[in-house]
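Per TrEMBL, these features apply:
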COMPBIAS  1-16  compositional bias 'Acidic residues'
COMPBIAS  203-221  compositional bias 'Acidic residues'
COMPBIAS  229-243  compositional bias 'Basic and acidic residues'
COMPBIAS  254-268  compositional bias 'Basic and acidic residues'
COMPBIAS  272-281  compositional bias 'Low complexity'
COMPBIAS  283-293  compositional bias 'Basic and acidic residues'
DOMAIN    88-409  domain 'AAA+ ATPase'
DOMAIN    503-585  domain 'Cdc6 C-terminal'
REGION    1-39  region 'Disordered'
REGION    179-293  region 'Disordered'
Amino acid sequence: MSDDNSEIDGSDEVEIDGTSGFSTNFEKTDLDNEESNQGLFDDLLSGEPIFENKEVLRPSYTPHELPHRSDQINKMATILVAALRGETPSNILIYGKTGTGKTASAKFVSKELESTSQKYSVPCDVEYINCEVTDTQYRVLAQLANKFIEKNEERIDARVADLESLLEALDEYEADLEAREREAAESTDLADDQTASDPFDFVSDDPPESISDDSSGDDSSLESGGSPPERKGSSDPADRSSPTDETDQGAGDDTDRTDGDSTDRRAGDGTGDASAGDSSTHPSDHPLESTSFEDREAIEAEIDELEADKESFEEVPMTGWPTDRVYSVFFDAVDYDERVVVIMLDEIDKLVEKSGDDTLYNLSRMNSELENSRVSIIGISNDLKFTDFLDPRVKSSLGEEEIVFPPYDANQLRDILEHRSDVAFQGGALSDDVIPLCAAFAAQEHGDARRALDLLRTAGELAERSQAETIVEDHVRQAQDKIELDRVVEVVRTLPTQSKLVLFSIILLEKNGVHSINTGEVFNIYKRLCEEIDADVLTQRRVTDLISELDMLGIVNAVVVSKGRYGRTKEISLSVPLEETEAVLLSDSRLSDIDDIQPFVQARFEN
Ligand SMILES: Nc1ncnc2c1ncn2[C@@H]1O[C@H](COP(=O)(O)OP(=O)(O)OP(=O)(O)O)[C@@H](O)[C@H]1O
């Protein structure tokens, strides 16, 4: 193993150490490669780059500006501002077709909300969940529970760090005080040696106030590092460490009362006396003065409690627990701290479709049980009708506020593209008609900004590949075809096997010159294909349904035509490129078993 490493790591060592010809060959091949570089990439690199920053055109990029969405953004902000006032914002339902900026706007607003909440120290958390990926109640609750546990742990860590700093400050304060007292005591001894033989005579004769008064004027000399003339005052508290009645004064007294350590008690007494008037023994404000802690033990107890809380948090596994247990962990995690929580459920219709409205029901009734926190929900959907499937209570609670994102028109899409293209492309890389054409194509679809951005990026990539210096109209048209084909390939690839068989039947008929294909013809071929690959044969009625689904996906076109007294029938034709679609179907391992398809079709026509 070490030999292998040496070969890879250091070429010089290989030649010295290597006993086999292999290592030398390895080295040689490397060099050969360098010499025989055929410029595979050089040609591609030599062209003028079209893009300045391609990432800006990708869907993952979050734009800083969202033109033509200020109304929706302002409305969201007006509703969510309640969270910054510590109130519960109304739940919001956001509707709009795909690519109309719903997610981008909601994320923009939530980022602003979180940063403003930090600015004003108002606890507010926003959690985003994409329900297309996280599509069951268990997963949604588990993901939320784990996110809040993580947040709680972060808060605990931050709090413990603060408390530890407070303890350190207290240590320093006490050590400082002790040092001053020791110094003062030594000075007092010195002074007493000169004036009296019994230091305690001096203390008992002079009331502390007068000592403090005497010494307070000398602060400056202490600070400037000179020998502290106020030493008499400073020494006093140390000397009076035994009388407990005198420890009742000042902020530091609390510490002293519960602290068993005599040094601390002495130091604390000093604090007490100092705060009562003697600033000479008072290096700074007592660290606990503006806190709610009475003493060191109270801080330590809170640290212990926080650590114990952290220990008790149990992360939810992604499967395996009963749902009510997951809910209860999630509930406790949310309620652990006082805060407003905004839960953003993107593609909320997918969650309802897959697993009903239980999750939404549970989330929407949480507020009546939470003690410390409040929850508000933002649901995002491109299906306007999904609320029909909701329990009326959930429906009314979730739809307290509704915000509609209308499709963009061509002019708006043009603005959006122009904003992005400034950053995305090199100057002069775009010819004038490119952006208007991308905008027009995307507006024809359904005002989809994602599609417009995809078109622009793909057009740029095609131009780059053909080593063109500028992107022109033709690149946009090619991009449109490519995106459409990619979509078809993806849709066909992910069809269930039965739908693939139905589609394959239609392709076989078209390939053999059959036009105006009817359902019966499709069904006959379909049956034979099923037999060939040993698949279940569905009824003709089911096959008719599958044809309708293919129609809805835009893969086939099925029109109902009237045949007079023979009734009505469906005429089916393929709406996607035949060869590419066939290739995708044959890449499915089950369908690829059908190697000689021709006889089937012929057999059918011979029947
Ligand atoms: N007003 C806008 N300005 C700039 N970019 C935008 C704007 N609206 C949408 N986009 C961009 O378009 C793409 C799609 O937007 P977004 O994901 O927000 O759409 P959506 O409405 O949530 O779509 P879906 O319902 O499919 O999730 C993103 O890349 C987004 O940055």
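Each residue, glycine too, has its Cβ placed from N, Cα and C.
In the compositional bias 'Basic and acidic residues' (283-293), helix, strand and coil residues by DSSP number 0 helix, 0 strand, 11 coil. The residues of the domain 'Cdc6 C-terminal' (503-585), classed with DSSP into helix (H, G, I), strand (E, B) and coil, number 48 helix, 15 strand, 20 coil.
Over the domain 'Cdc6 C-terminal' (503-585), the average per-residue pLDDT in this prediction is 89.
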